[in-house]
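Here is the structure we will look at, set down as structure tokens.
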Amino acid sequence: MSDSEKLNLDSIIGRLLEVQGSRPGKNVQLTENEIRGLCLKSREIFLSQPILLELEAPLKICGDIHGQYYDLLRLFEYGGFPPESNYLFLGDYVDRGKQSLETICLLLAYKIKYPENFFLLRGNHECASINRIYGFYDECKRRYNIKLWKTFTDCFNCLPIAAIVDEKIFCCHGGLSPDLQSMEQIRRIMRPTDVPDQGLLCDLLWSDPDKDVQGWGENDRGVSFTFGAEVVAKFLHKHDLDLICRAHQVVEDGYEFFAKRQLVTLFSAPNYCGEFDNAGAMMSVDETLMCSFQILKPADKNKGKYGQFSGLNPGGRPITPPRNSAKAKK
């Protein structure tokens with residue numbers, strides 16, 4: 001019948017994994033119909049599951065991947081290929097890196113094969129107005145066609161927005177929102193939806209913690225807000241939570257705590273964009289909700305795969321510029 005029903009998932013996953021151990025950068029060219037099938041079938045599954053996922057430990061949580069496909073394979077080598085471990089990814093699968101297509105196709109294939117053990121949240125780059133600019137559109141156009149990029153957009157518009165692990169760990173891509181008073185507000189967001197320029201959905205994908213801010217502050221991205229430590233503490237107390245787990249910012253060690261360990265930032269793309277010496281990290285949450293971190297060290301040009309660390313400039317990160325550069329900062 002439809003492409004999605006004719007998917008040979010094992011063949012697709014097998015071809016995507018065949019390049020393990022190859023020279024990084026080797027492409028895997030699936031057929032256009034196979035990719036379309038992955039988008040349509042995963043979209044169905046996303047819509048059949050809640051927009052605010054309720055998950056159970058044990059699981060492994062990963063931050064931004066940004067088209068760094070060979071680093072994604074390293075994460076799975078380290079954490080165990082599905083279904084050996086349960087996974088939650090926090091968004092930003094595409095853009096910036098060279099292999100957004102392989103990255104998103106493997107993730108969607110695993111979602112379809114293991115729908116109750118493998119979860120993907122939406123990042124700010126799973127949005128047409130952003131990935132039109134930062135690489136994914138161009139990669140789709142060069143390797144396939146614009147129509148396929150639009151099929152991905154339809155899929156991304158149905159991704160879940162946030163997850164709560166064992167009623168204690170709140171997970172999203174960006175951060176908190178001044179509009180977020182109850183979890184029911186997230187549950188009421190209707191899909192498919194684009195990411196608006198402001199409001200709850202925008203903030204969950206775009207906001208950032210800032211140690212120098214009390215309450216809410218302006219965000220130098222030109223989108224959403226920053227929030228201080230006491231905003232985190234109040235949110236956790238109000239909702240009887242222990243931890244916020246988010247991604248969205250490159251951090252030197254792959255993970256970084258904020259607000260007395262009440263929030264953690266995860267970033268899973270080592271040597272981000274080839275410009276940074278950051279590590280990538282994955283957070284393992286065990287049955288008792290104890291969190292530990294597995295680190296992918298940055299490759300050092302002179303020392304091979306697991307070289308020494310240099311560092312980021314304090315606070316240094318490539319930021320995504322405003323969605324609309326003419327728009328005044330909030």
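The backbone N, Cα and C atoms fix where each Cβ goes, and this holds for glycine too.
Quantities reported herein were computed from a predicted structural model and do not represent experimental measurements.
Summarising the annotation, Swiss-Prot assigns active site, proton donor to H125 and lists similarity to another entry as the type of evidence. For D64, H66, D92, the entry in Swiss-Prot reads Mn(2+) 1 binding site, with the evidence type experimental evidence. Annotated Mn(2+) 2 binding site per Swiss-Prot: D64, D92, N124, H173, H248, in sequence order. Under the heading N-acetylserine, Swiss-Prot lists S2. Here Swiss-Prot flags S2, S22, S325 as phosphoserine, drawing on a large-scale study or a structure entry. Swiss-Prot lists K305 with the feature N6-acetyllysine. Residues or ranges marked as phosphotyrosine by Swiss-Prot: Y306. Annotation source Swiss-Prot lists phosphothreonine at T320, citing experimental evidence. The region 'Disordered' annotation in Swiss-Prot covers 306-330.
Cα separation, S22 (phosphoserine) to H125 (active site, proton donor), rounded: 28 Å. Shown in sequence order, L90, G91, D92, L121, R122, G123, N124, L204, L205, R246, A247, H248 are the residues of the chain, 6+ apart in sequence, with a C-beta less than 8 angstroms from the C-beta of H173 (Mn(2+) 2 binding site). Neighbours of S22 (phosphoserine), defined as other CB atoms within 10 A of its CB across all chains, total 11.
Neighbour count (other Cβ atoms within 10 Å of the Cβ, all protein chains): 27 for H248 (Mn(2+) 2 binding site). Cβ environment of H66 (Mn(2+) 1 binding site): D92, Y93, V94, D95, R96, G97, S100, H125, A269, Y272, C273 lie under 8 Å away, each six or more residues apart in the same chain.
Note: the Mn(2+) 2 site is recorded as D64, D92, N124, H173, H248; in the same chain, G63, L90, G91, G123, H125, G174, L205, A247 also have Cβ atoms within 8 Å of that site's Cβ centroid.
Around D64 (Mn(2+) 1 binding site), taking its Cβ as the centre, 29 other Cβ atoms fall within 10 Å, counting all chains.
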